[in-house]
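S.K.: Before we start, here is the structure in question, set down as structure tokens.
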Amino acid sequence: MYPSPVRHPAAGGPPPQGPIKFTIADTLERIKEEFNFLQAQYHSIKLECEKLSNEKTEMQRHYVMYYEMSYGLNVEMHKQTEIAKRLNTLINQLLPFLQADHQQQVLQAVERAKQVTMQELNLIIGHQQQHGIQQLLQQIHAQQVPGGPPQPMGALNPFGALGATMGLPHGPQGLLNKPPEHHRPDIKPTGLEGPAAAEERLRNSVSPADREKYRTRSPLDIENDSKRRKDEKLQEDEGEKSDQDLVVDVANEMESHSPRPNGEHVSMEVRDRESLNGERLEKPSSSGIKQERPPSRSGSSSSRSTPSLKTKDMEKPGTPGAKARTPTPNAAAPAPGVNPKQMMPQGPPPAGYPGAPYQRPADPYQRPPSDPAYGRPPPMPYDPHAHVRTNGIPHPSALTGGKPAYSFHMNGEGSLQPVPFPPDALVGVGIPRHARQINTLSHGEVVCAVTISNPTKYVYTGGKGCVKVWDISQPGNKNPVSQLDCLQRDNYIRSVKLLPDGRTLIVGGEASNLSIWDLASPTPRIKAELTSAAPACYALAISPDSKVCFSCCSDGNIAVWDLHNEILVRQFQGHTDGASCIDISPDGSRLWTGGLDNTVRSWDLREGRQLQQHDFSSQIFSLGYCPTGDWLAVGMENSHVEVLHASKPDKYQLHLHESCVLSLRFAACGKWFVSTGKDNLLNAWRTPYGASIFQSKETSSVLSCDISTDDKYIVTGSGDKKATVYEVIY
């Protein structure tokens, strides 16, 4: 009656589902996944940007290298073209002097020489490349030798070994038809890895403290460095308002750099100066004063100038002001032979490291002094400590890098050669090992003159308008024991001299009068004043018998004073510009003077005449005569120290200073001497060949120095208003 129930309903589609619902946790999870994806993408893009930045830096370095190489090629091409033109002209001029048959042969040979094929060029350049690769392999081997200094890559031929390491085309061969066998199968091009590898080797070869200076800088580093430089510039601008640093007053100052091993470089500033015209004594005075004048040189200027020492604050003195002058016709020309400036790196980077960024010189035929000579092998270095090296360590002169020579010998023919130092150059009796600073005397003004008493007890420092006396026998004493007010308040004292008895002090400076002080009285007092016609005195010397005083005047004259009668007895005339420095021989028979006229002159004190004249290419700022030998050391404005023999043409030229050599003094033993300069350096040298004994760097220009009579102490006066006392360690 009722239908049976359907036990198994027919199969149909799934029941319809409701709308999908997302929970908050699912949404946050999806956001997190998208954020992680974007962060990974950002990190990838950031890495790509850094990679592109590094590639950009590498490309810029390559661009500089290519530019330097192309410019060098251009200069060399013009040079060779000019040489070829001159040689061709010379051949054409000499042809008429040959016989007719010989003329034809020469013409044919010249024409054959002009026919240079591409195959010959490829062959020649291939040989040059092989030679450059061999040189590179030798240098790589030399770098691996223990005890050897890092190799200076900047001195390589840019088209030889350097091109091989950089993966650059070798010279102009990239412009020629290259045969398939151009590249050697065993040499693989390094592409962009060359500069990075060279840079890594450089960073590994320097000390850890200096490694970061030679790494590739990212744009962020450059930006930070720019901000840091702005901050430093603001600090420097504020510091310039003070007169802490004395600036030597040289009109033709140039930034010359010495190849010192530590590679330190001090920037130099040029300051203007004012000139005071001084009248020169031309006629005998009514008091019967003798005036000795040697025959004047042809072309010498008759006008004299007395330089005033002017600085930023219009108060600081410097060396006798350098006056721009036209060389006289018979001035010494540069000697033929080796130019020491070409034998040494001249830029700020330390020796053995690549040079500074290339700067194109103004003259296309003039190579910048800091660039290595193309095609010229680097100089053979010089090692002053060869005697202490073991046999297992090779001498650095066998390598192409290392400490450059700084001492050169000039023979009678005028050629300069590096000096081979003897084994006892830095050892032996009377040769110090170093100097230790033991005291600082805060004078309060720029210290332009210093001297030490005998026995060593007092130090006299001359500044602006006064001389201060210090007792250095008590190291803890920081105050002067007395103050001697000299000259005028605003005039700087340029020289102070003690008589051997220690009872009399003579003071000269930027005034026409010399002050003679009696130190034996209970209170030091001025017992006499000597007045000259010159407005300033630059240097003083005392005869061994203490009877005569010699003063270098700003008008070029050398005044001779009788200290007993306190009168002027004679004037030596010859310098055509201010006389800046002076010294006397131990026997008192000969006087040596240096001047701003680029000359050093010797005078016979018995006969009252000039004996010799030495012409230089730079102004003379300091000199000293060896107490035990016939050697005269001269410090010059161009940073050189030259040691001359009094009677022979031999001389030595020393190159460790980076700026003007402002003072110089021999030790009493005569075996060594010291020099100071505007580069803040105190250098000690071996007599006469100039082996560097020790070196000390101060914080400002070192204007003056003196050595005690027992050779145990050195005193220096500097532009930061203090004097420094050193103990010499033997």
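The backbone N, Cα and C atoms fix where each Cβ goes, and this holds for glycine too.
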S.K.: Of THR306, THR319, THR328, which one does Swiss-Prot label phosphothreonine?
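M.R.: Annotated as phosphothreonine in Swiss-Prot: THR328.
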S.K.: For the annotation motif 'Nuclear localization signal' in Swiss-Prot, which listed range does it cover: 227-230, 575-578, 647-650?
M.R.: 227-230
S.K.: Could you let me know which of SER207, SER521 shows up in Swiss-Prot as phosphoserine?
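M.R.: Going through SER207, SER521 one by one, Swiss-Prot flags SER207 as phosphoserine.
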S.K.: If you check Swiss-Prot for phosphoserine, which of SER267, SER473, SER589, SER700 comes up?
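M.R.: Going through SER267, SER473, SER589, SER700 one by one, Swiss-Prot annotates SER267 as phosphoserine.
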S.K.: For the feature phosphoserine in Swiss-Prot, which residue out of SER205, SER415, SER696 does the record point to?
M.R.: SER205
S.K.: How does the model score the repeat 'WD 1' (442-480) in terms of mean pLDDT?
M.R.: 91
